[in-house]
Amino acid sequence: MALHKEHELHKRRSGRNMGVGILLAAFVVLILALTMVKVTSNGFSFPDTQAEQN
Amino acid sequence: MSDASINASRAYEDEASFGDYFALLKPRVMSLVVFTALVGLLAAPVAVHPVVGFCAILFIAIGGGASGALNMWWDADIDKVMKRTKGRPIPAGKVEPGEALALGLALSGLSVIMLALAANVFAGAFLAFTIFFYVVVYTMWLKRATPQNIVIGGAAGAFPPVIGWIAATGTMSVEPWLMFLLTFMWTPPHFWALALFMRSDYDDAGVPMLTVTHGRRATRVHILVYTMLLAVLAVGTAFSGIGGPLYLAAALVMNALFLHGAWKITRRDENDSEADNFKVERSFFKLSLLYLFLHFGAILAEALLKPYGLGGW
């Protein structure tokens, strides 16, 4: 059976769904940026590497 | 049109939009949280990577918003009585109390964990404590139990610059606590002025505001006393590590104006106030917003000028 956007609920809640979608996408971008900053900072080291150094 | 379809269309009109959920986070309070936390973060003597700094401020703001949602969940019964708050999403019938609770709890957990990961565990723990303080100590306990609700509860709104500082440094020192005290001492005169001209609101809701328990005359005197203590603290902060000539100038001007406003409030009686629809109290309330903004703005300016050898003493 083909999927259709048949229900008016989708239209009615499009604003809310769009908002949640944008927020989730922004959160993913934010986590990616934060991870990049953390792993490229001077103080970064993997836990195992740290243990070997000790 | 059938009854069922009329009821259905009414239900759709009452359906919450994205903006209603956002309103649960008290965006205006959040803007104060963002600004003071940002000042705390930038005034700290440690350089923070812009992405880390952005994340820290964002998650502090989300934590503040989460506590706002939890506050609205708990206070839904009194919010629908007060004119100032009856348009909020829960009393307006847009959002169910359970939804506000779920949103508040989810965002609290998210903000605390993310701040701990983005900045440091100490900052995350302090944010958790702030949410707990605002929701449990202030909202659930003090707000309906004591006329000192605003005084002690104001601490929750004063924590963000401390969290911002900890997010940057990972440690505590005197300067963030001066910023804390500035907001802490500012909160009572700010809210008591509001209580004076929102006359019957707190009375109707049964919230033991000072105006209700000790009378309006005592509230006017309290405003003056707190403003005097605040002035000493605010001007004294000029000579600390976060102060400087710019801050001193702003503090002297703003505290002179604030003291003058508090003095005028104390001198008035209820007849004077009602005759001009609380003009002096309303202008004092507006001035209080500018007061806090300029003090924190001056601290920020001092911090930003330091790298150029201009800020501070």
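Just so it is clear, glycine is given a Cβ too, placed from its N, Cα and C backbone atoms.
Per TrEMBL, the features are:
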| type | residues | note |
| --- | --- | --- |
| TRANSMEM | B:29-48 | transmembrane segment |
| TRANSMEM | B:54-74 | transmembrane segment |
| TRANSMEM | B:95-116 | transmembrane segment |
| TRANSMEM | B:122-142 | transmembrane segment |
| TRANSMEM | B:149-171 | transmembrane segment |
| TRANSMEM | B:177-198 | transmembrane segment |
| TRANSMEM | B:219-239 | transmembrane segment |
| TRANSMEM | B:245-263 | transmembrane segment |
| TRANSMEM | B:284-305 | transmembrane segment |
Remote residues contacting the transmembrane segment (B:122-142) - C-beta distance under 8 A, at least 6 residues beyond either end:
56, 59-60, 63-64, 66-67, 70-71, 74-75, 104, 108, 111-116, 148-149, 152-153, 155-157, 159-160, 162-163, 166-167, 170-171
Where else in the chain does the transmembrane segment (B:219-239) make close Cβ contacts, counting only residues six or more beyond its ends and a cut-off under 8 Å?
178-179, 181-182, 185-186, 188-189, 192-193, 195-196, 210-211, 247-248, 251-252, 254-255, 258-259, 261-263, 265-266, 268, 284, 295, 313
Find the member of B:95-116, B:149-171, B:177-198, B:245-263, B:284-305 that has more C-beta pairs under 8 Å to the transmembrane segment (B:54-74) than any other listed stretch.
B:95-116
Restricting to the same chain and to residues at least six past its boundaries, which positions have a Cβ under 8 Å from a Cβ of the transmembrane segment (B:149-171)?
29, 32-33, 36-46, 48, 53, 56-57, 60, 64, 67, 115, 118-120, 122-123, 126-127, 129-130, 133-134, 137-139, 142-143, 177, 179-184, 186-188, 191-192, 207-210, 296
Taking residues 6+ outside the transmembrane segment (B:245-263), which of them lie with a CB under 8 Å of any CB in it?
189, 223-224, 227-228, 230-231, 234-235, 237-239, 280, 283-284, 287-288, 290-291, 294-295, 297-299, 301-302, 305, 311, 313
